[in-house]
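The signal peptide annotation in TrEMBL covers B:1-25. Look at TrEMBL and you will find B:131-224, B:226-328, B:333-431, B:524-618 tagged as domain 'Fibronectin type-III'. As annotated by TrEMBL, transmembrane segment applies to B:626-646. According to TrEMBL, the feature region 'Disordered' maps to B:720-762, B:779-811, B:880-920. The compositional bias 'Polar residues' feature in TrEMBL is assigned to B:779-792. Per TrEMBL, compositional bias 'Basic and acidic residues' is recorded for B:795-804.
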Amino acid sequence: MRCNARPLGVLAAVAKGLLILCTVPTNASRSSQASYLQQTHSLVRHMAEDAQELFAFYESNQSLNVNNICQSNKWVEWLPQWDVADLQAPSALQELYGAMEHMHQALQTILQHQRDLNAPGAKLLQRLTSTHLKVRGLLNNIEALLRAHGVVPVHITLPEKPVVTKVFQQKLEGCKVLWSYSRFMSKLNADLEAKGFRDCREKRRQRRGSRRGPRANKKVRRS
Amino acid sequence: MFSGWNLVAHGLYLFLNICSLEVSGGLVQSCGHIIPESPVLALGSNFTALCILNESCLDFGNIYANQIIWKTKNRLVPKEQYREINRTVSSVTFNDTTLLATPLTCNILADGQIEQNIYGITVTLGLPPEKPKNLSCIVHQVSKLRYPMTCTWNPGRHTFLDTHFRLKYRWPREGFPDCIPKDVNNSCTITDVQFFVNLEIWVEAANALGKAESDRLVFDPIEIVKPLSPHNLSVNSGILPTVLKLSWENRISAAVMKLKFNIRYRIIGETNWMQVPPEDTASPRTSFSVQGLRPYTEYVFSICCMKEDGVGYWSDWSEEKSGVTTEDKPSKGPPIWRIIDASHSPAFWTVHLMWKALEPLETNGVILRYEVTVRAKSPLSHPPEKYNVNTTSLTLKLPNGTYEVTVIAHNKAGASPSSVLLIPARNSKAPVKNIRTLPKDGKLWVGWTAPNSYVLKYVIEWCLVSNSSDCVIEWQNEPGNVQGTYLKGDIKPFKCYLITVYPLYADGQGNGQSVKAYLQQDRPSKGPTVQTKKVGKAEAVLTWNHLTVDEQNGFIRSYTIFYKTVDGNETAVTVDPSKTEYTLSSLASDTLYTVRMMAYTDEGGRSGPDFTFTTQKFGKGEIEAIVVPVCLAFLLIVLLGVLFCFNKRDLIKKHIWPNVPDPSKSNIAQWSPQVPAKHNFSSKDQMYPEGSFTDVSVVEIEADDKKSFSEQDLKPFDLLKKEKSTSEGHSSGIGGSSCMSSPRQSVSDSDEGETTQNTSSTVQYSTVVLNGYKHQTPSVQVFSRSESTQPLLDSEERSEDHAGGNDSTTQRHQYFKQNCGQDETNTARPRFERAKQITPANEEDLVGFAQLQISGQNSQPLGLGLEKNIEEATLSDVIQASTEGQTVRPETVEENPASADEMPKSYLPQTVRQGGYMPQ
């Protein structure tokens, strides 16, 4: 749905990048890519934890922890609910990149709202700032991964959102975003963990296969 | 080049013209200016300044560029550095700005002489910034969510200029505001960093002369984290006595960083830390069980952490927490030893069993009691005796024999293995050999050579040897495979220790071998006090007492005796330390010596007090050699004297005790008239033709003169008194004798007493020797005859001495006073007066007669008796009277030589003529 909304040029660029990434992977790019992957994986894990803490803190701080009012809200539409955990897939990276750009803007909005509600240096502001920094960091890592794949990230144009003037609505909007974000990050982290296990298993299997391979060849030759 | 400058000058000129036009409305208008204005120059670079004159000044004052002079800080710049670009512009060039002083002024000489300042600039010199080096960063975790990052760098040389440093950092797609250091130029702290995103960071230094950047670092901040140490550390004892479980909380999320840990621990009170093997704690955790600990021991724990992969920094050590392990059974039995006292009874021993409290390492808990079992060995057959004691000693009285003593320590967890000590009847096994000591590292090491037999263990026994306290025995056990150990006790320096080593065998004990030792020696605290035992003429025997152990402070290696005379050099003699006596020889006789003595240990000596003595003048036997012969000679002389006296005893006897003739046997009548023929005086016949007259002696005793006689003078009278007492009643007095003797008074000299005595006893003559007084030789000897054998009295003899007195004229007037017929009235008169009364009448007749006058207190009655009662008075009466404390003093015995021949003629006493005493 969202992809359909993107301009064709962007898609072409992503495809071009992916093509380059697939065709000329160098050793340096591989090592830096692995490093970025590892960092991104760690960062996601970190952000998942942070998102949960932030939501809990926000909920209590904003006195919204009654009747699961935040949790009963709808999932924000710009956070994908499907599996984006394949960080080696540029499309998934691009999806994730777009989601984080949305999150970046949403956090800016929440920060703006909360700056009006809290004194400078308030803990909520610190936490929001810290989470915002993490989101920005993830954007950097995804971009780096995309660039490592030879893909120039496509900056999405965020739609204009209606201005919420009511404070409660602001709080509720923030709560909704943060809850969705924490769920998203938790899921992303879980998917990455699972994928990591799978990859690890696959690697082991490949290693075993590579070890058995020569023996099998020998056997074949003997036979 | 020139055209370039020209262009610049023109440009400047135009610019200045414009400016001057702008300020032309002002009161003061400068005639020129310098470009560049206030330049900042690099040290050592070259610099050129231009002074541009205004056109208005050219016209007004005929001022041109060739009149410009340059000055730096009022110092004229050499004209070689000037250059006249045109008539309004002059330049000056400095090849090295190091020498350029500020301000730089452009001046002009008006009329060739008057110097006038046109313009001046301030030149700032400095250096461009160096490239910052050694950039490094560290992320300090300050809370669970805050991770400030501090980066430091080397700012490089001092630039002399205001140089700004900026820490720049950025993500690949996003930059951040620069971190600007506050008050420093070599570090800056970024308040929050994001992990897992690569950060590019570098330092930029900039000043007026340029910019410089450090090398850029790209890193993930998670790699440089110094995390906070774990907190809420707790220590819990486990089921096992050697295990303690630690629990803690990490202050960094596992999602952020997986940690590994380092655990250190130590026994409380000790300083050295032990560490849990790092590989045991290399994985994320919040608890750990430390094993291999000592039972019942308090441990202190601390923990730190870092990123699991070892990238980054270790945290600080956490706060210390302690825990105690649970008790366990004592790991070994207490070391046991004994002191056997067999002095009280030969059949029984008093055995003092003593054991050492186990070390904390060995007790594994609190020792509740000790169980002591004493088993008698054959041939004794007592059942084992058990004692439960809380102390570490037990005294038993046991029959003489062999015993096996076991001691077991009990704590809450159980009993220790038993310690066994065999108490044999005697120590008959082989002893250790070659026992020696060595102070080492402030402790006393004891070594020995093991006996050939297998030794179970050694017991080293020692005690402090002191005069002031008893030898309190301390001891320790050592395993049988060692041949040396340090004494485990409070070994004090300068104190003597007696150390004994006993080898313990499986079946008995060896003899103890002892040695004395000092941990550290010092000089003796005092020197020996020396004194003389015997002093001779050339030698002196010195004695001293050994220093007490407390005074020695070490082993006395030698004594040195120092002795000297008052003015002589000191002589030193070294004496063996075992001696307490030494004989100094070759000393000078009768000389004062000062002697002192030093005792030496290995660390030096100390002198005792000075002692002085004087050698004797004579040697041994010298006095005896002198005295004995002298005494012998004296004795010989005495013996000879005695023998002589013995031989001459009669003579001496007669001299001392003269024979006093019995007056009753005296017979004046028999001899007086019959022997005149024998008289030498021819005139005697003429004097006594009928023989009817006898000589009359007048004895006058004056009581007043008694005092003038000494005791010695009175001695003869005492003798006379004695004689009188024996012959009282029939002894004749002098007066009587005199009256019955011849008219020539017989007075013998004391010197011739013996002769006189002999004469009186054998010859009826007495010789009156008129000795001159004090060598005045009498001119004539007068002899008087007497038949009496009575010796002349000393008083009579001494009368010559008195008579021979000073008055020679008086001596010449000899008186012979005849009592017979003397008038009573004359008796009371003084002698002289009476003599004078006589003298006129009988002056010639009395010449040649000696007058014997006896003075005394009682002389008057005597005199009266003599004068008044001639018939009644006898001679014995007179003698009696004279011996009763009166001094008989022959007053004057004088002979007139001129009248010697005439004496018989002139002698005719008046008393006789007047009918005086007549011999019967």
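Cβ from N, Cα, C; glycine included.
Sequence-remote contacts of a segment are chain residues at least 6 beyond its ends whose Cβ falls under 8 Å from one of its Cβ atoms, and for the transmembrane segment (B:626-646) they are 652. Within the domain 'Fibronectin type-III' (B:524-618), the DSSP-based counts of helix, strand and coil residues read 4 helix, 46 strand, 45 coil. DSSP places the residues of the domain 'Fibronectin type-III' (B:226-328) in helix, strand and coil in these numbers: 4 helix, 43 strand, 56 coil. Note on the domain 'Fibronectin type-III' (B:333-431): its mean pLDDT in the predicted model is 87.
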